[in-house]
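**Student:** This is the structure I have questions about; it appears just below.
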């Protein structure tokens, strides 16, 4: 603990006030035992924080604090307790109970009472006896809870004290338009149940009313705010409220009404008319309808109704004849009226300068309007007196005849001959250059105020579509930028054709194309000639654009150059013309003999198996010995011609060779010796030239579309 001043102040002389304190270790020292009791040091020490516990001997009661602590000041806390023989401690607590003690000495009484929501079970009090104990066993308080009441449909409840334990009160009430069926207040009893059954809220309803004599009522239901409507039978009137409403007190808003019978009696007919009871009765609500005979109209109400005061509504109508008054006579007009019965069928003629004579005209009378010279009728020229007493339509008027401006003509000129647009005036039309008139060139102003005929139009002079002229022309194409005068038509041919004639034609002012249309001539590469020591096959016997020719050499000759040439769009055969050159002896000995033997054996076997197929499918070309011209031989199988030729064969000394070769040497493509081991293949039409690639000795060779090994 601190010994000395706890606080020091710096003085003016620069020294601290007082003396520096010091801290001394706290030791509270030993405790003196109490009478009839003991004291125990918990940790066996008396220094700061040490605890001492007091206890009494049997039948003695500790009065005071049972524990003391060594505190900062070096002393033990509190006072030493005492051990008394006639002193009782606090009575034992009971859950939910309140204990009232009148003393702690022998003979004192401790009384128990339960808190709200609890019930006391057992003796309510205990007594302090000698030796410091309370007599008997203390009572118990048991918790009583009735639970929250069930929710009421269309209603609610309030817990007045906010609890549901014993003695709590719940008050119930209902929503508007509902009333409570059952007890309004419930109390929680000792047995944990509410004093009454949970009430219910029922919709307020009224008793069914009684229908009046001669009437009835309509109602959907009799619940609160519901309305019932009372109706009386025909001929009866309602006396009282027509509707009643069920109120929140369960009573109707008034007394039920009554129905009284009402009869208005019959009415006499009207002159030139009739009266009809629509429902055949004269009681309340009955309707009488009036009508007039032909050419008469009703003046007054069409219908009258029997009212509640036993009278027919309004006054009786009358029928009067329908007539039209004098028609209006427009200015500069002549009006004639036919059908005036009061003038014995004469026709009355009036003009604008005459005055009205106050005539009237029967239904069907006819008015015809005409105009004075130089005027025309605007509107309907005829009007009829209708059954409503009015002349039909709108009164026309007479208007000075003027056809008005005829309007312009596009791409042309309009001329008024007399610079006027009145009746009889003429208008002339003409078109600009390169345009022609479609319609009349002269129109007149007619007496009806319109120009005669339809206005013409100026149509551009154009040439006909040149594509129409070339229909049926093979390979000819045409393109035009415009069909107007000065426009050009450009012609061209499809690929494989050459243009002969005018490539360009111009549209002339009269709508005609200059010159004649050109024609397209097929491109022909002509005969390719002959090849010495070989033959030429022309596919399809044609030398036109796109056709092809094949070159074949005689045995022991090899081809140098392309196998296939095609007719191009420039009129020439593609590639260079090949030649057939004799095979040298060394090459024949080294390569020809083994190949010839193998090919010969294979060909013989292959021909035996495929003879029928070759006969049907293999295109056969018949050679013609002619060194001057090439002639086509037509195949019977497919009607496709293949022309072939060969030249006279010579040796190095100029002597003819192979004169002994039979004519059928070319009958089969397999009889040709392929010394250069070249496989003849096919090519597409788009290739400009075809050059076969060399193959090995054991390769497959294709001749005229047939493969041999």
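Residue numbers in this text run from 1 along the chain shown.
Note: Cβ is positioned from N, Cα and C throughout, glycine not excepted.
Not my notes, these are from TrEMBL:
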{"type": "DISULFID", "residues": "56-83", "note": "disulfide bond"}
{"type": "DISULFID", "residues": "114-141", "note": "disulfide bond"}
{"type": "DISULFID", "residues": "174-201", "note": "disulfide bond"}
{"type": "DISULFID", "residues": "232-259", "note": "disulfide bond"}
{"type": "DISULFID", "residues": "292-319", "note": "disulfide bond"}
{"type": "DISULFID", "residues": "371-398", "note": "disulfide bond"}
{"type": "DISULFID", "residues": "431-458", "note": "disulfide bond"}
{"type": "DISULFID", "residues": "493-520", "note": "disulfide bond"}
{"type": "DISULFID", "residues": "553-580", "note": "disulfide bond"}
{"type": "DOMAIN", "residues": "1-25", "note": "domain 'Sushi'"}
{"type": "DOMAIN", "residues": "26-85", "note": "domain 'Sushi'"}
{"type": "DOMAIN", "residues": "86-143", "note": "domain 'Sushi'"}
{"type": "DOMAIN", "residues": "144-203", "note": "domain 'Sushi'"}
{"type": "DOMAIN", "residues": "204-261", "note": "domain 'Sushi'"}
{"type": "DOMAIN", "residues": "262-321", "note": "domain 'Sushi'"}
{"type": "DOMAIN", "residues": "322-400", "note": "domain 'Sushi'"}
{"type": "DOMAIN", "residues": "401-460", "note": "domain 'Sushi'"}
{"type": "DOMAIN", "residues": "461-522", "note": "domain 'Sushi'"}
{"type": "DOMAIN", "residues": "523-582", "note": "domain 'Sushi'"}
{"type": "TRANSMEM", "residues": "593-616", "note": "transmembrane segment"}
**Student:** Can you give me the same-chain residues 6 or more apart in sequence from residue 319 (disulfide bond) with a CB-CB distance under 8 Å?
**Tutor:** 270, 271, 272, 273, 292, 293, 296, 297, 298, 299
**Student:** So which residues does the domain 'Sushi' (1-25) touch in its own chain, when a touch means Cβ under 8 Å and the partner is 6 or more beyond its ends?
**Tutor:** 47-48, 72-74
**Student:** Using DSSP, break the domain 'Sushi' (1-25) down into helix, strand and coil residues and give each count.
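**Tutor:** Taking the domain 'Sushi' (1-25) as a whole: 0 helix, 6 strand, 19 coil.
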**Student:** Roughly how many Å lie between the Cα atoms of residue 174 (disulfide bond) and residue 398 (disulfide bond), rounded to a whole value?
**Tutor:** 86
**Student:** For residue 232 (disulfide bond), what is the tally of other C-beta atoms lying within 10 angstroms of its C-beta?
**Tutor:** 23
**Student:** Calculate the distance in Å between the alpha carbons (Cα) of residue 458 (disulfide bond) and residue 114 (disulfide bond), and round it to a whole number.
**Tutor:** 122
**Student:** Quick one: mean pLDDT on the domain 'Sushi' (461-522)?
**Tutor:** 85
**Student:** Residue 259 (disulfide bond): which of the disulfide-bonded residues 56, 141, 201, 371, 431, 553 have a C-alpha within 10 angstroms of it?
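**Tutor:** Within 10 Å of residue 259 (disulfide bond): none of them.
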**Student:** Tell me the Cβ contacts of residue 56 (disulfide bond) under 8 Å, same chain only and six or more apart in sequence, or just say none.
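**Tutor:** Counting only residues 6 or more apart in sequence, the Cβ neighbours of residue 56 (disulfide bond) under 8 Å are 36, 37, 62, 83.
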**Student:** Using the alpha carbons only, what distance in Å do you get between residue 201 (disulfide bond) and residue 114 (disulfide bond) once rounded?
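**Tutor:** With the alpha carbons as reference points, the distance is 37 Å.
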**Student:** Nearest of the disulfide-bonded residues to residue 232 (disulfide bond) by CA-CA distance, picking from 371, 493, 553?
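**Tutor:** Minimum Cα distance from residue 232 (disulfide bond) across 371, 493, 553 lands on 371.
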**Student:** To the nearest whole angstrom, state the Cα distance for the pair residue 114 (disulfide bond) and residue 520 (disulfide bond).
**Tutor:** 131
**Student:** Helix, strand, coil: count each for the residues of the domain 'Sushi' (523-582), based on DSSP.
**Tutor:** 0 helix, 27 strand, 33 coil
